[in-house]
Structure formats: C-alpha cells, structure tokens
Amino acid sequence: MFLDLNALKKAELHIHLEGSLEPELMFRLAERNGIKLRYGSVEALRKAYDFGNLQDFLDLYYSGAQVLLQEEDFYDLTRAYLEKCRAQNVTHVEPFFDPQTHTDRGVDMATVVNGITRALKEANAEWGLSYGLILCFLRHLSEDEAERTLDAALPFRDHFIGVGLDSSEMGHPPSKFKHVFARARELGLLPVAHAGEEGPPEYIWQALDELGVVRVDHGVRATEDPALIERLRKDQIPLTVCPLSNIRLKVYDSLKQHPILDLLEDGLKVTVNSDDPAYFGGYMTENFEALRKDLGMTDNQAQRLAQNGFDAALVHTS
Ligand code: ES4
Ligand code: ZN
C-alpha cells in the first residue's frame, strides 16, 4: 500500500491567497458586490485558464482579484483556502498576499489585512492551524511604490512575519528592491523573494546577496548554475517549489522533466507547494500526487519533502 498523501502532515510555504480564489467564489463575490465579470459562467472562466507563460496568468489573476472589496471578501477567500488545508492535513501555512493589487483599486490596507487575519486567527483557535503571513511587493511596479506599501502596512506590523517579491519576473530583478528590503529587514521582517521561476540564475544570486533572502520562491532555474546549486546546498537555503504551477505556466513542457526530485537527492532543502491552486489545478495533495504519478516519487521522498516544509518554515509554533 502506498502512503496516503492526503493524510501526510504537510506545511505550505508558497501560496498566494488571491490565487486560491476559485471561480465559484469569484462569481459569488462579484454578485455580492455588484460587479460584472468578463466571463459568463464558471465553466467559461475555467476554460480561459490556459496560459502560455507567467504574464498570461497574471493578467487573469489580477482581473479576478477585482471582486475582492470588503473585509468579508478577504475573510471568505482566506477561510475557503484554510478549509482546504484542514481537509488535506496542511497544519502550517505561510501565505502571501499582494496589498498593492487592492490598495491601487482604492481598498484600504486595513480591509485587506483585517479580513485575512481574522480567518487565520479563527483557524488557529478552531483546529490549531499555525501560520505566518507574508506581504508581497509587486515587482512590475517601482521600488518607491513598494516603500509606500511598506509604510501603509506599518500600523499592522504585528500581523506579518515577512516580506516577499512577486509578479512579472523578467526585467524586474531583485536588485530593484534593495532599499525597501533592507528597511523591512531592519523592522524584523524576514525576507523571501520569487526568483528563478522564469528569470535567470543571476536573479537568484541577487535575491540571496542583495535582498538577503532566507528562502527562495521557485528557484528552479538554479539547475543551470552549478556554483549556485552548491551555495543553496551548503547554506541549506529552502526552495519553495510549485510543480503544477511550473507545468501550467510552461516552465517545463511536462512534469517528467521537473528537477524537484534531483534537487532533493542533491541535498537541497526543497519543499512542495501549490502557488495559485485555483488557477493551476490543485492544492497540496494534488501536487504531491502528481509527483508520484509522473516522477515516481517514493514514499520516503514524499516524507522528506513534507518534513522539509516544516524545517523551512519561518515561524515554528508547536
Ligand atoms: C505568481 Cl506563479 C507566480 N509568479 C510570480 N508572481 C505571482 N503572483 C501570483 N502567482
Ligand atoms: Zn508564487
């Protein structure tokens, strides 16, 4: 008998809350807020989830997020994701959110943070889920806008454990955000960044050496640079790898080409994550199952990958 991957205790370290917005909830929130969606039905919307690259996806992801307006919307979004975690035995989460996607539409930082935090606190009280929230800066916008976002988040400093960097990678290297990350670190926020998803190994070096990241999101293009692989291995820098995401966004043609198990066997601290589960066809269990089916992941490898998720966590609440 195979190990039950749903029952396996897991931690998720790379999930964008806005990327957990399922079409059904999107339609429900659109109706509640009097917003007309470009797609006529849940089925038509799901059909549009056929992406050629990261930017194709981001266009739909930002458009979908427009239904999020009230504190209750952010609460419902987060609560639905956390219920999924409960069903899949994901007992620790460190989710991202993108405040600029909302504040740039006139939604208050307080509305966003309070809705998300209420759902997280509730899940902790109801079933003991542990968590740490990470605020991401949108890298296609300027560093100055990131600085102002950090300012706006300061009244909520206690609600976050870290800062991240996401959105369109190409042409927006980590070095662009050196100053804002330095200030975040001085505030005691732990730095992470997306790097080496579509971008070159050089962006991973920059995330490490210029932003001081303690964990790299994706990082799979490190395989192109042996010296970088050695650095990640020696320093045990965790990589939050997202297998189904990489296939849906055409980082690899097929999961059979995915390097995650090679990286694991090379001694890197790799973890499995869902990224944007509502858009990429699966949550944590589905990502693990895909690795078993297409890459022949063994039960022992599954257990090591799941344990790495807890080892790589930024907060250790027991
Ligand atoms: C993202 Cl897959 C991915 N990459 C970069 N930024 C993102 N934001 C949401 N999902
Ligand atoms: Zn991501």
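The count begins at 1 with the first shown residue.
Glycine is treated like the rest: Cβ placed from N, Cα and C.
Positions annotated as domain 'Adenosine deaminase' by TrEMBL: 10-315. For the domain 'Adenosine deaminase' (10-315), the model's average pLDDT works out to 98.
Feature annotation from TrEMBL assigns Zn(2+) binding site to His14, His16, His194, Asp275. Cβ neighbours within 10 Å of Asp275 (Zn(2+) binding site), excluding its own Cβ and spanning all shown chains: 30.
Residues annotated as active site, proton donor in TrEMBL: Glu197. Non-local contacts of Glu197 (active site, proton donor) by the CB criterion (under 8 A, 6+ apart in sequence, same chain) comprise Leu54, Glu169, Asp217, His218, Gly219, Val220, Arg221, Asn246, Leu249, Val251.
As annotated by TrEMBL, site 'Important for catalytic activity' applies to His218.
For Asp276 (substrate binding site), the number of other Cβ atoms no farther than 10 Å from its own Cβ, over all displayed protein chains, is 27. Positions annotated as substrate binding site by TrEMBL: Asp276.
The Cβ of His16 (Zn(2+) binding site) lies under 8 Å from the Cβ of Tyr61, Pro95, Phe96, Phe97, Asp98, Cys136, Asp166, Asp275, Asp276, each of these being in the same chain and 6 or more residues away along the sequence. Other Cβ atoms within 10 Å of the Cβ of His218 (site 'Important for catalytic activity'), summed over all protein chains shown, number 27.
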